[in-house]
Amino acid sequence: MAKEKFERNKPHVNVGTIGHVDHGKTTLTAALTRVCSEVFGSARVDFDKIDSAPEEKARGITINTAHVEYDSNIRHYAHVDCPGHADYVKNMITGAAQMDGAILVCSAADGPMPQTREHILLSRQVGVPYIVVFLNKADMVDDAELLELVEMEVRDLLSTYDFPGDDTPIIIGSALMALNGEDTNELGTSAVKKLVETLDTYIPEPVRAIDRPFLMPIEDVFSISGRGTVVTGRVERGIVKIQEEIEIVGLRPTTKTTCTGVEMFRKLLDEGRAGENCGVLLRGTKRDEVERGQVLAKPGTIKPHTKFEAEVYVLSKEEGGRHTPFFKGYRPQFYFRTTDVTGSCELPEGVEMVMPGDNIKMVVTLIKPIAMEDGLRFAIREGGRTVGAGVVAKIIE
């Protein structure tokens with residue numbers, strides 16, 4: 001069979017299911033592919049195939065994730081579903097599958113449970129911008145008051161973690177009914193259709209990397225006689241054009257310079273775009289004034305910081321991480337984009353030690369500033385070996 005052509009005509013949005021174990025995340029994922037295949041003509045994926053998610057590695061961490069795709073009238077959705085709670089934690093912290101919005105699945109029969117809370121907290125920490133709620137298993141609840149109660153609990157929980165609980169769309173339905181093609185009381189197919197329409201309207205179209213302000217992590221620095229200093233790297237976002245003023249941020253005091261040339265595969269270009277590996281020629285900058293680990297950026301768009309709150313996952317022994325716990329005063333290297341910087345960890349009150357396999361909130365103080373913003377991912381290393389993964393949740397100074 002010929003490979004299907006990838007249609008690029010609809011905006012692409014990344015979503016995923018989150019919520020407590022056995023509340024119906026995978027069933028809903030399968031139901032979404034079924035309903036969308038019938039209504040909008042995308043391919044359906046069976047429950048078993050999603051449930052036996054393949055292992056993948058992200059930054060040396062093994063994560064089980066299922067990826068499915070479906071279409072609405074106006075969008076193409078890429079959807080991630082994880083079989084186990086630990087997979088969610090790793091997935092969200094490493095940013096292996098970044099979400100533009102999440103579908104929180106909560107069983108109407110059970111109400112919010114510990115992982116419901118933890119996934120909402122993680123979404124806040126790692127910067128998932130929007131959450132839509134699907135109150136599942138509603139066919140098992142006869143009491144309308146009970147449904148209202150669960151809905152109120154979920155809204156309160158969202159508000160606790162700074163999501164707009166009162167304005168969050170909540171769809172009531174049964175994923176299993178939709179998966180079986182049933183629709184009693186509009187709880188099956190209709191509810192899932194309504195969910196897709198809600199994703200279309202409630203989650204805004206993400207800003208593409210190319211439309212965001214220019215940023216390029218510096219990987220290497222060369223001096224070309226007669227032409228000046230060239231820094232190379234992969235443009236993370238935005239576009240850099242010749243004669244534009246750019247800032248060099250991180251590790252040292254921020255300096256301004258001008259881009260006097262862009263080259264790619266030894267060809268001269270007039271701009272470098274998101275996703276491209278290129279060399280940028282800097283006017284009047286000396287070879288020893290820039291180094292790996294700094295970034296080039298559009299002036300004023302990113303600042304250097306040393307202290308931040310992070311959400312961290314500590315690799316287990318089986319994943320090649322530490323064999324022993326660490327304690328307060330732990331000083332590993334934090335690997336941001338292209339370089340390691342030493343930093344110290346301050347653990348939350350009442351936490352004495354952190355075990356391999358845990359996830360934890362900590363405050364990190366680096367010995368040198370790094371160009372940083374909320375949502376930036378990093379690795380924690382000891383002597384070049386990765387022992388953890390983290391994300392900047394909040395910048396302190």
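Placement of Cβ uses the backbone N, Cα and C atoms for every residue, glycine included.
What Swiss-Prot annotates here:
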- 19-26, 81-85, 136-139: GTP binding site (BINDING)
- THR26: Mg(2+) binding site (BINDING)
- 10-207: domain 'tr-type G' (DOMAIN)
- 19-26: region 'G1' (REGION)
- 60-64: region 'G2' (REGION)
- 81-84: region 'G3' (REGION)
- 136-139: region 'G4' (REGION)
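Shown on the structure are the features that Swiss-Prot records.
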| residue | record | Cβ neighbours (10 Å) |
| --- | --- | --- |
| GLY19 | GTP binding site | 26 |
| ASP22 | GTP binding site | 13 |
| LYS25 | GTP binding site | 27 |
| THR26 | Mg(2+) binding site | 21 |
| CYS82 | GTP binding site | 24 |
| HIS85 | GTP binding site | 14 |
| ALA138 | GTP binding site | 23 |
What else in the chain is close to the region 'G4' (136-139), if you only count residues 6 or more beyond its ends and a Cβ gap under 8 Å?
23-24, 27-28, 105-110, 147, 172-177, 184-185, 187, 191
Tell me the residue counts in helix, strand and coil for the region 'G1' (19-26), as DSSP assigns them.
2 helix, 0 strand, 6 coil
In angstrom units, rounded to an integer, how far apart are the Cα atoms of the residue listed as 'Mg(2+) binding site' and CYS82 (GTP binding site)?
8
Other parts of the chain folded back onto the region 'G2' (60-64), taken as Cβ under 8 Å at six or more residues beyond its ends:
53-54, 82-84, 87, 90-91, 94, 96, 313, 315, 319-320, 379, 386, 389
I'd like the per-state residue tally for the region 'G2' (60-64) from DSSP, helix first, then strand, then coil.
0 helix, 4 strand, 1 coil
Mean pLDDT across the region 'G4' (136-139), rounded to an integer, is what?
97
DSSP three-state assignment (helix, strand or coil) for ALA138 (GTP binding site):
helix
Need the DSSP three-state call for CYS82 (GTP binding site) to compare against my parser.
coil
